[in-house]
Amino acid sequence: MSKNKTPIIILNYKTYTESTGKNAVKLSQYVQEASDETGINMAIAPQAVDLYPIIESVDIPVYAQHMDAITPGGHTGSALPEALYETGIEGSLINHSEKRLTLADIDVVVEKTRQLDLTSVLCTNNVKTSAACASFNPDFIAIEPPELIGTGIPVSQASPEVVENTVEEIHKINKNISVLCGAGISTGEDMKAALDLGAQGVLLASGIIKAENQKEALIDLVSLI
Ligand SMILES: O=C(CO)COP(=O)(O)O
């Protein structure tokens, strides 16, 4: 994905039925169409098992949802960065609130994405952890207050100070890190509010995935920018 300062949307598929298996492939085609029609950068983060068929069927950037801080060997059931890389992903979410890592593991995984030339999207839960995570120099930090995730209450409108202060604290440490915000984002107003607060884009899920018409919801999301 382009790392310039144009608005960015990353859709996290999580493990919703509507974004799993064949539904995940169909949704990815809608995201591709919405991105092509609007000219806005849109990337997706499907489950690991769905990565390969999706990467075969769309051109938009596809990210993993998680990587473990492991090396090849005896780690049954784990997500090996090198294996994810081989599917053709362009980056990965790291430390999502629903899949947290220790500080030491975050360090290892961000470093691994750098070695593999993958985009790192490091997720954080508040202003303090965002500032701490800035020292790892990821490409993106995505601030998502866990109490708003999945509620439909948009962080950019309900807690604007969290987004604003996160941008400020991160940029005191490293101006090159782009900040995304997420939790409860679903409409064009939510997206516009995020950009007005200094975020470069949004990381979101249920507002699009659970919408009756997923493609229309994506087009509405970028209608005010
Ligand atoms: O966790 C999120 C994206 O990573 C946010 O989820 P919702 O958009 O469903 O609130």
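Just so you know, the numbers here start at 1 and follow the chain as drawn.
Glycine too: its Cβ is placed from the backbone N, Cα and C atoms.
TrEMBL: automatically predicted annotations, no manual curation.
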Record-annotated substrate site (TrEMBL): member among ILE55, ILE143, ILE149 besides ASN12, TYR13, LYS14, GLY184, ALA205, SER206: ILE149
Position of peak Cβ density within 10 Å, selected from the binding-site residues ILE149, ALA205: ALA205
Farthest-apart CA atoms of ASN12, TYR13, LYS14, ILE149, GLY184, ALA205, SER206, residues recorded for substrate, distance in Å: 14
Neighbourhood of ligand 1 - binding-site residues from ASN12, LYS14, ALA205, SER206 with Cβ under 6 Å: ASN12, ALA205, SER206
Spatial neighbours, same chain, of GLU144 (active site, proton acceptor) - Cβ under 8 Å, 6+ residues apart: HIS96, SER97, CYS123, THR124, ASN125, VAL155, CYS181, GLY182, ALA183, LEU203
